[in-house]
Amino acid sequence: MAHINEAYDEDMELRNINSNAYPKYGESAAAVAATNSGPPVTRKDAEYINVGEEDQSEIIGYTRSSLKTAATWMCVVVTAGLLRLVFHWQPKWMLYCTHTRCNLQHATRILIVEEYKKYKRYFVKEVITLKASQIRWESNVKECQWWRAFGKTWFLLLRVLDIRLEQDYSVLSAGVASMDKGGPSAACPPSSKPPEPQQQPGGGSCRVPSETWSAPDAGAQHHQQLAGEPLRSLLVPNSRGFINERSSVRLFRCKKTTYLWDEDDRNFYKLPHLSTGQSTSSLHACRGLSWQDQVRRRAVYGDNCISVPVTPIPKLLFQEALNPFYIFQLFSVILWYTDEYRYYATVIVVTSVVSLVSEVYQMHKNQVILRKTIQSSDVTEVMRANGQAEKIPSEQLVPGDVLLVPAHGCTMHCDAVLLQGNAIVNESMLTGESVPVTKTPVANKHGLMYSDKEHGKHTLFCGTKVIQTRFYGGERVRAVVVRTGFGTNKGALVRSIMYPPPVDFKFQQDSYKFVLVLVSIASFGFLYTVVTKFMRNVSVAEIALDSLDLITIVIPPALPMAMTVGILYALRRLKKKNIFCISPRSVNISGVLNCVCFDKTGTLTEDGLDMRGVVPVNGRVDLKGSVRKNSKSHDQSSKSHGQSTSKTNNKPNESPVKIYMDSLDKEPMNLPQNHLLFAMATCHSITIIKNELVGDPLELRMFESTGWVLTEPGMDDTNKYDMIMPTSVHPPATNGFSADDHIQQLEFGIVRQFPFESSLQRMTVITRRLGDHHWDLYCKGSPEKIASLSTHESMPPNFNSELRSYTDQGYRVLALAHRTISMPYHRVHKVDREEVECNLQFLGLLVMENRLKQETKVVIQQLHQANIRTVMVTGDNLLTALSVGRECGLVSPQDTVLEVKKPPTGGVCYEPTTPPQDASDSVSVDIDGNNDGSSKGGDGGGDISNPAGRIVLAVDGSSWAALQDDWQQLEAVLVRGVVFARMNPDQKQQLITHLQAIGYYVGMCGDGANDCGALKAAHAGISLSEAEASVASPFTSKEPNISCVPNLIREGRTALVTSFGVFKYMAAYSLTQFVSIMIFYSIDSNLTDFQFLYIDLFLITVFAILFGRTESYKGNLHPTSPPAALMSFTPIASLLLQMSLVITFQTFVFYYVQKQSWYVPFNATTSDVIIAGHENYAVFSVSIFQYIILAVVFSRGPPYRQPIYTNWLLSGSIIIMTCLSVYIVVWPNQTFIDLFDMVLPPDEPEAWSFRYQLVLLALLNSALAMIVEYFVVDYLIYQKIRPMVSNVEKSKKIYLSIDMRLQSDKKWACSSPAPGTHSYSHEIVNDEGSVTQRHPPLPVVQYQSAL
């Protein structure tokens, strides 16, 4: 998986890093968020595509220059193709050298400049002119397939020759077309009065109601277009979504997205689908496309296929061989063969070829696997314009087609909006939510514009599985195709995988910078070698070989491979823990997470809820406001059912009965048969699949508590409900009732559903009781929302106090309401929910106990101990969320929680959430038309203090939305917020991006249902799903609890520390060998062939591969995260100090051997006979121990990894190589002496003493290296000196500065410190993850919960 993105990136993206990426101290968080997460600022003198969107890009037009092209290709020939290779790596440079900038109207090439935060990426694309004359009708399917195969072969040949040719489109079915320009579209219903052909909104018949016109057969008015003839026009949508007939269109494609040329605006625009600018009424007007119009659209939209490219192995080999890494390897091998390092060069060739082949094979295998996972096709059935159904391949679907969804279900291959009938859909592939959802038809309403987010409950998304459908007696379930291919939601997610944004991670950035440092060192060595050898009159050929060889030493060719080792091992360990990853680059980032956001329901708490009971309203109110007492007898309640508009039984001089919330009834099954019971039995979206009830766990528990029975009748039962096929519910045939009389009298048919919408916070059903002549509407949702929709007379005065008494205890509370409506049957299916969801009669509260998952409390405590901030973001009630937060430890009992409110008068109110002594004084719902609750804090009252613990904030969705314009208060909420309630999916994503903008590394854990945007936006999103992999987030956990979070963080820390260690080790190895070579060059000597081979193959390669096998630390997460910055003080100090030891010992032994009495100086003139000398033996002997020492020093153990001895392969190889090195230095036999071309000291006591001294020097080097790494670097520099010089105000973690500013602002409500966290009161976490003990107490920044 590590190479999939590179293989897919056919656009050859290039990155340039800009400076000033981080905001200055004092900038507002919201401003930072707008800068970092929003689109870049546009310039007036530039042209853009996707303006205002995240992928907004500048486009620049170029046209080919014959003179520049000729000159460039002459240079390519002169440089023997090297310049062309550079152009292969940097396509924009070739564009500059062969083209001239021009306006977009005349451009043949487009340069796309995409900005993402502080990065820029460049794409070079060809502008294509698609002409209708290039598309021909084919009269025979086989002939068409043969022609297509021939065309593809010819097209491939021309591509190899770099000749651009437009690909012809062929039609896969036989037929004729009516193509007279100006005539009625063949997609439109027959008409004597044709619609306007040049401005068909939505295309085809989608905006032309069929009942407005009728006409004779269109074929009698227009001549037939014969097979083999070209098309005469294309159906091209303009930027507003209106379909125009055009003979040609200019376009280019970038990242699987098509952009069309707008002649009016003189700019390119993204190809709009039917979801752009369409009202729901225009969607309902769609009657299907003719076969001819479908072809004319497909020529523009392309095939409906999310094609994940599988590159042929030979082509993949060629592409990978041109990788700069392998080109550098080739350069090195040629140089080594020239310098007669045959053995080592041969081994490198073999290992490189094996590595290349295995890498290409794995890439090809991953491509095939991903293609099988993503790409699929089937035969679908569509409705033609003439009303006939036709089966076609799913690849031929285009926006505007009317799809007939089969009753037995199917897999969706496009995004389609339901027009008729219901569908039960499993969306786990996209959302990670395994609970099936019910899709209902979109409302047919003029002026209501279709939107993905608002009408998601009416849209069948590509990649989802339709389990079954429900339809009316004689009609099929119909849906209109609105998006196809990569334009679908699934296609967009796949595109985000294929073309991910640049890695915004400090370690990744620093690794590139450090390679540049190595390049500069190599350049210095290159110049030093050339100068010194030239001064010694060395031949030019030898100078060239030695100086170039130095470059191959300083820049290790195996560095890219070694860098991926830690991630690959981490992925393997995560898979064993049922955590699957589709974005390997996210593994390292997860190791530095310092803030984790959690959804509540299904994540912190169980999916299934326990029924606590219901709280009915005692007394009933009719529409006129009169009140009746509830009857407890079944007989009386049955007689009174449905008579909410009847006259009251009270006498005129009697006062109305006061209504109030009754006590909790723990047995809903024993409720009287009134509207409250009927609402619980009908207001849900439960269905039957394989003879089992399937639906939302809350609704299942609610329905099961009633004891009623749900059935889905067959066709012969539809006449009971006016020829519809509804789900019906009725009481069981027990308790003394007969199934033939009384039970059937209480049978309800659920005629229409208005699904639950997060933004609306409610769902509604319209039902009819068998035998009744009116409709009963039942509504279920949040208490606040239901109360606002209910009549004033039906709301009990003690509603607020009762609601708060249950939410304070952490119960999940829903409200139920009813309304009787009278309207014709056909209007029931067309009425808007806003028309009927009003003037409701409040029925009571449904109280559910949302139990914490067993692992939740333990995991939250682990994260707090690790100084990781935890945040709850949920769509539930704020008080319920706070109660769950207190129960799981997210909010400490000592904490004071203030609710942030944004009153209409301005300012910010901070109200304590602790229930006041008189609960009735706190009014959360305005029943009497005014709010009698008092506002605390004004614009930030300073009277609120907390001597026992932290002061934290809780925010609901409405206040969050209001705070977006108040930057200062928004900063406070971002830093001190703990619970974010009533947040819709967009607000969840917005919160994640704001937290990232102020410096947090944010993780998000949710069940995937309403969290997809937040999961994708987070640095590490974890979806709790039964699916092995979901495109909803980078990580998917099959374990349905949050224990995956510390596991992921633990493995991420291990992978990050491993990557740090491997990088430092590879850099130290290169510099160590560089030092040895520079010493040898001073006497015109060098390492021998087998000495290079022993170091690079048996020492470095073995250690680098086994480095990552050390597993993660088994204990608790450490309070500080590992450093994320490679180019920071501590890692550089570690590397410099270790290299100081290397230089000292090698230099010492180089001069020390020259002081020996038996020493013989090396003679460069006899190097053909005696390759090395005593200097070579001494320096080589010390250096091979230094490579082993560096492997031990940089292979860190606790607190992020297990001790090195637990990695028995690495520790065993270290022991073996140490013993072998001692043997080579002290007692080598003649075979080793000849193999390594060593000149050993003579066989005499003084010389033997020197051999032992070399081993003692290695031991001394090892001891000093350990002292330097663990005492000087870790203790003195990292823990003592570094915190003393840290400056919070200059930190890139802006939230530290915000918190300090809040604490210094005495007028702010949360300015008081947190004495409850005194043990951490002088600590903050700096950029490297260490603890600074210099600044004032920052309780919230410590992420401590004062447990």
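Using N, Cα and C of the backbone, Cβ positions are placed for all residues, glycine too.
TrEMBL annotations:
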type	residues	note
DOMAIN	53-131	domain 'P5B-type ATPase N-terminal'
TRANSMEM	70-87	transmembrane segment
REGION	183-222	region 'Disordered'
DOMAIN	287-336	domain 'Cation-transporting P-type ATPase N-terminal'
DOMAIN	380-497	domain 'P-type ATPase A'
TRANSMEM	514-531	transmembrane segment
TRANSMEM	551-571	transmembrane segment
REGION	625-657	region 'Disordered'
COMPBIAS	639-653	compositional bias 'Polar residues'
REGION	902-943	region 'Disordered'
TRANSMEM	1062-1083	transmembrane segment
TRANSMEM	1089-1108	transmembrane segment
TRANSMEM	1129-1153	transmembrane segment
TRANSMEM	1177-1195	transmembrane segment
TRANSMEM	1207-1230	transmembrane segment
TRANSMEM	1250-1273	transmembrane segment
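Below 8 A, the CB atoms of the transmembrane segment (1062-1083) and the transmembrane segment (1129-1153) form 3+ pairs separated by six or more positions in the chain. Per-stretch counts of Cβ pairs under 8 Å to the transmembrane segment (1207-1230) identify 1177-1195 as the leading one among 514-531, 551-571, 1177-1195. Taking Cβ pairs closer than 8 Å, the transmembrane segment (551-571) reaches residues 1-2, 325, 328-329, 331-332, 335-336, 348, 355, 511, 515, 518-519, 521-522, 525-526, 581, 584-585, 587-588, 1051-1052, 1054-1059, 1062-1063, 1065-1067, 1069-1071, 1073-1074, 1077, 1100-1101, 1104-1105, 1107-1109 in its own chain, all 6 or more past its ends.
Counting residues 6+ beyond its ends, the transmembrane segment (514-531) has Cβ neighbours under 8 Å at 543, 546-548, 550-551, 553-555, 559, 1063, 1067, 1070-1071, 1074, 1077-1078, 1081, 1126-1127 in the same chain. The domain 'Cation-transporting P-type ATPase N-terminal' (287-336): residue composition by secondary structure is 33 helix, 0 strand, 17 coil, according to DSSP. By the count of Cβ pairs under 8 Å, the stretch nearest in packing to the transmembrane segment (1129-1153) among 70-87, 1089-1108, 1250-1273 is 1250-1273.
Across the domain 'P5B-type ATPase N-terminal' (53-131), the DSSP tally of helix, strand and coil residues reads 32 helix, 32 strand, 15 coil.
Residues 340-344, 347-348, 351, 556, 558, 561-562, 565-566, 568-570, 1055, 1058, 1061-1062, 1065-1066, 1069, 1073, 1176, 1180, 1183-1184, 1187-1188, 1191, 1195, 1207, 1209-1210, 1213-1214, 1217, 1235-1237 of the same chain sit 6 or more residues outside the transmembrane segment (1089-1108) yet have a Cβ under 8 Å from a Cβ within it.
Shown for the domain 'P-type ATPase A' (380-497): DSSP residue counts in helix, strand and coil, namely 22 helix, 45 strand, 51 coil.
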